[in-house]
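Here is what Swiss-Prot records for this protein:
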- HIS19: active site, proton acceptor (ACT_SITE)
- TYR14, TYR68, ASN70, ASN116: tRNA binding site (BINDING)
- ASN9: site 'Discriminates between blocked and unblocked aminoacyl-tRNA' (SITE)
- ASP95: site 'Stabilizes the basic form of H active site to accept a proton' (SITE)
Amino acid sequence: MLLIAGLGNPGPTYAKNRHNIGFMAVDEIARRWGFPAARSRFRSLAAEGAIDTPQGPVRTLILKPQTYYNESGRAVGEAMKFFKLQPSDVVVFYDEIDLAPGRFRMKTGGGAAGNNGIRSVASQIGPDFRRARLGTGHPGQKELVHGHVLSDFHKAEMKWVEPLLEACADAAPLLALGDDEKYQAEVMRLAPAEKADPRKLAQGKPRGE
């Protein structure tokens, strides 16, 4: 079984925030692969279904923790324990300010790099889970990060957000088979984005963008 969790904050106030792109990604995966409506379970909105692969369907649980972003690990830990899963069975989708907008990277293990949601998951299940990092860009200065991640995507940004989410869903069979390297490559093939230093990109923007 595969457990796919998205990080985000619950409720309509936060729904379009950059911090909620993890929720957006798992919603698109659930929609693309015909998962049933989510229900309250494991301190989350949870939906169980399957992702079709060349080797057959892979049973998958999609989680949107309702604990608020920084406590997401409690939900992931409960579900993992219930299904007796290993960290390698868990994929967490989340926003990554240290990647340029639209960039996508898979990673297994490592530190939290200042992300409190990832730190929470690691505190519950250990660090060796799989991370799907969705680049949202950096505002350029540390003191601007909080406002940046808790602000909605601008309309212009949806030109890369929507293709990225669709690519994450369309390529999901590779994720379900555990081939994270090919999954990353296929997502970036379907939704290419320029590789750049997100802080330098921020410096080139007019104020207020």
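Every residue gets a Cβ built from N, Cα and C, even glycine.
Recorded features from Swiss-Prot, shown on the structure.
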residue : record                                                               : Cβ contacts under 8 Å, 6 or more apart
ASN9    : site 'Discriminates between blocked and unblocked aminoacyl-tRNA'    : ASN17, HIS19, ASN20, TYR68, TYR69
TYR14   : tRNA binding site                                                    : GLY8, ASN20, LEU150
ASN70   : tRNA binding site                                                    : ASN116, GLY117, SER120
ASP95   : site 'Stabilizes the basic form of H active site to accept a proton' : LEU7, ARG18, HIS19, ASN20, ILE21, GLY22, LEU134, THR136, VAL149
HIS19, TYR68, ASN116 as recorded positions, winner by CB count within 10 A: HIS19
Three-state secondary structure, ASN70 (tRNA binding site) (per DSSP): helix
Additional residues surrounding tRNA, by Cβ distance to the TYR14, TYR68, ASN70, ASN116 centre under 8 Å: LEU7, ASN9, HIS19, THR67, TYR69, GLU71, SER72, GLY117
For tRNA, whose listed binding residues are TYR14, TYR68, ASN70, ASN116, the greatest C-alpha pairwise distance in Å: 17
